[in-house]
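**Student:** If you scroll down you'll find the structure; I have some questions about it.
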Amino acid sequence: MALGVFYAVWGLLLEVAIAFGPVPRITWEHREVQLIHFNESKVSNYSTLLLSEDKNVLYVGAREVIFALNAVNIAEKQHELHWKAAEDKRTKCAVKGKSEQTECRNYVRVLQQLNDTFLYVCGTNAFQPTCDYVNLTSFELGGKNEDGKGRCPFDPAQSYTSVMVDEELYSGTSYNFLGSEPIISRHSHQSPLRTEYAIPWLNEPNFVFADVIRADQNSTDGEDDKIYFFFTEVSVEYECIGKLMIPRIARVCKRDQGGLRILQKKWTSFLKARLICTIPDKNLIFNVINDVFILKSPTLKEPVIYGVFTPQLNNVGLSAVCAYSLSTVEEVFSKGKYMQSAIVEQAHTKWVRYNGEIPNPRPGACINNEAGGSSYMSSLNLPDKTLQFVRDHPLMDDSVTPMGDRPRLVKQDVKYTQIVVDRVRALNGTMYDVMFIGTDRGAVHKAISYENGMHIIEETQFFPDFEPVQTLLLSSKTGRKYLFAGSNSGVVQSPVAFCDKYTTCVDCVLARDPYCAWKPLEASCVDIFKEAEIGRNWIQNIGGDASSCSDKVRENPLQHTFKHGSTAELKCSQKSNLAQVVWKFKDDVLRVESPKYRLLEKALLIFNLSEGDSGVYQCLSEEKVKNKKFSQVLAKHVLELKKIQHTMVGPTAAAAPTEGVPAGAVPEVPLCHAARQEENEVGFFRLRAEREGDAGGAGQCEPPERGAAEARARHRLRD
């Protein structure tokens, strides 16, 4: 990538004003949905989560404490284990210039299931990382206090990732106090390995995720299990004025034993490649990866890697989700070209494609039957030429491109922080990948792709204080699928769908949620994965075609009366962000742009009411999907004129003559002279009738000012 293009891209990002991506159809506020919360006083940083599906336990690693929670209801705490940094270590940490109150604590960063009996845990321990074992029966520490260097960061602010594979810990983090020595390592009593401490291997990486992909058990080529690491690092390929960040995927092999003479106790299978996530026709590049989820499902031919990205200079708040097939990744590592350090520096280019001869066996390849047939049964047997080559050429020239050559989702005005993906079978048998994406504002977006499009089903506010979603987990048990989100202040548990919130068939179908379907006999929207049996007449259409619905209009109009000159406020609440509110009066569409009316977010104001305003008002929701328009009646109001009884005053009632009126005559009293402010509130409707005082003795009532009436109505709205 030429630097001129790179800077042109950032210039475009600074000026881009186009709104990208779909709008969430529904926005659920924190108070509108049933979420389960867990937090303890004086505990913070609930950022490390581990779900045990077999035991129905959610393990939570926080600052100086580990919890075991009921995974069906996280409000039920089963165990609690305090793990504090010793006072002498906190003092030593503070002497080195760190904050004793915040940084010099023990932040749990590694929380992995070792086996059925133990958890393996590591904490920052006041900048002296330590690891230990938690007995799951007693829920106590074993007191091993192993050195956690290379397994856990020193600084709680440093990046880290880890995965447990066959009771061996694979981790990516920093190896020293300053965080200047990054490392990808395997903690093993038999064969510990690590990366070479060299810039071409790792250059200021920010680790985000690691996972294992097992080899196909039915394969005859003897392939090895592979562990993948994802991170963003400073580019070694180009030299810029600033630091150019590049998203990477790196791979190591489980059976790697290191080299015999070269790369002793170092990875011989470490290779890395660039991840591409761009919008080519708009020259937009998303080069910072924030999180990854690898979707593994029996219904998939191969695993799919989902990543959330942001641009390096994210002035416009853009985020993207890109998906990659495992075969594309393996194609790059097994058949792609390598890069080498440029012999002659070419402007800003530091690394170029290597076009020379590639040693055999192929550098960085896992040991399989093909290598074994050549008498290379272990990495310890690999020739020096192969090992020296992979030591000098860890970077691939070929990049990993996304499925469809573009992002699955691009969204503006949001920063995506976390992602998990569920594979769901709809009623018609079609499989959908449902993405749950955490944001830096404490919300979770739920999105699906269909027919080359993307739809955000809903946005749910998990954390009321808008703090970032730091971690996100998904339980996969049928009938018990939950989301678990961790933040600095606590953990939230949520169902994967809020089907019961949709009260009509049209609303249920327009949600386009593969978890939900309309059950006609019960007239309810249900989660199909919680039902014992699926009915043939259930209605679901992920394309959003609600033509099959036959919702009956609910005839429950609200009756109201009004007085001349008053202002009416008709309430109507519309939940869908994709729908348009239409008001009808006597079955005709109301021209709300007229000065007579003012359309508010959840109401219609009608000013200076008169006899002509009597009648039936309907508030409708109109939502367009694929050139089809679906309407629903949201509210119905009937306004009637309130007749005012005039009190006749006889001669005997007059105690004294009125000035300017002959004795015994009945004075003409304007209606507005004795009228009082009256307020009538019924359900969705609020009516305010006001009379003005004596208008200069002229005997005529001046209608209230429109602006004053509107201001009064807005004041009531705020109340």
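Residue positions begin at 1 at the first shown residue.
Cβ atoms are placed via backbone N, Cα and C, with glycine included.
As the structure is a computational prediction, the values presented were derived from the model and not from experiment.
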**Student:** Check each of the ranges 531-557, 693-719 against TrEMBL and return the one annotated as region 'Disordered'.
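**Tutor:** Here TrEMBL associates region 'Disordered' with the stretch 693-719.
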**Student:** Can you work out the mean pLDDT of the predicted model over the domain 'Sema' (15-496)?
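**Tutor:** The answer is 93, the mean pLDDT of the model over that range.
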**Student:** What is the three-state DSSP composition of the domain 'Ig-like' (551-631), stated as helix, strand and coil residue counts?
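**Tutor:** Split into helix, strand and coil, the domain 'Ig-like' (551-631) gives 3 helix, 41 strand, 37 coil.
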